[in-house]
Amino acid sequence: MIAFIVLLSLAAVLQQSSGTVDFASESSNKGENQKQIVKKHNALRRSVKPPARNMLQMEWNSRAAQNAKRWAERCSFTHSPPSLRTVGKLRCGENLLQSSQPLPWSKVVQAWYDENKNFVYGIGAKPPGSVVGHYTQVVWYKSRLLGCASVKCSPTKYLYVCQYCPAGNIIGSQATPYKSGPRCADCPSACVKGLCTNPCKREDDYSNCKSLAEKNKCMEEWMKSKCPASCFCHNKII
């Protein structure tokens with residue numbers, strides 16, 4: 001989801017209150033900026049309310065960053081097609097922001113997160129129809145790989161793109177982007193400052209794999225092939 005009018009208005013307010021920033025200095029090609037982008041995301045994921053029991057810690061992914069850069073350079077100001085948002089077998093989500101002036105990455109990520117003012121856990125957007133998809137992607141529990149890029153499309157148009165793998169905003173689950181509960185309750189032995197560090201790196205092909213696994217279907221070969229996460233990722237965040 002994207003709503004440039006809302007995000008542009010917010011970006012303009014943030015820019016006016018924070019002064020100018022050198023666009024080149026915020027390049028996501030720089031290692032220190034990559035670390036800051038990841039740090040900002042993890043800080044926000046750690047601070048969700050209600051707290052999350054299964055929120056994975058994010059890390060930078062160069063392939064996702066390359067995909068984000070290639071798309072940003074097109075200056076199309078629309079979401080990239082899913083076929084251009086993959087890292088290995090993972091399908092990735094995407095957040096965009098357009099600004100009339102350059103912004104520090106911390107402000108960009110915060111702008112996405114601030115949609116939480118119109119989000120109620122377990123209910124979703126409130127009032128109904130409010131734009132909250134950028135927020136829910138930032139805090140989607142399973143999105144653990146992150147790559148971002150920005151481009152100056154014109155003197156008054158700057159585009160910021162982040163891709164998240166695996167993708168969030170799964171249809172039917174947007175109101176619960178994570179499981180609420182005590183921080184790290186689902187990963188007590190793999191927790192760093194409230195974030196889980198034990199992701200399952202396998203992906204199920206079907207949405208009902210978990211229920212099938214609970215019925216001891218993992219003894220069957222087709223199940224092992226189509227539901228590897230549910231069958232093999234014990235004590236991991238799936």
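Placed from the backbone N, Cα and C atoms, the Cβ positions cover glycine too.
CYS200 is paired in Swiss-Prot with CYS233, the candidate among CYS227, CYS231, CYS233 named as its disulfide partner. Annotation in Swiss-Prot places CYS148 in a disulphide bond whose other cysteine, of CYS153, CYS162, is CYS162. Here the candidates are CYS209, CYS218, and Swiss-Prot names CYS209 as the disulfide partner of CYS227.
In terms of Cα spacing, the disulfide-bonded residues CYS75, CYS162, CYS165, CYS187 all stay beyond 10 Å of CYS218 (disulfide bond). In the three-state DSSP scheme, CYS231 (disulfide bond) is classed as helix. Between CYS233 (disulfide bond) and CYS191 (disulfide bond), the C-alpha separation comes to 17 Å.
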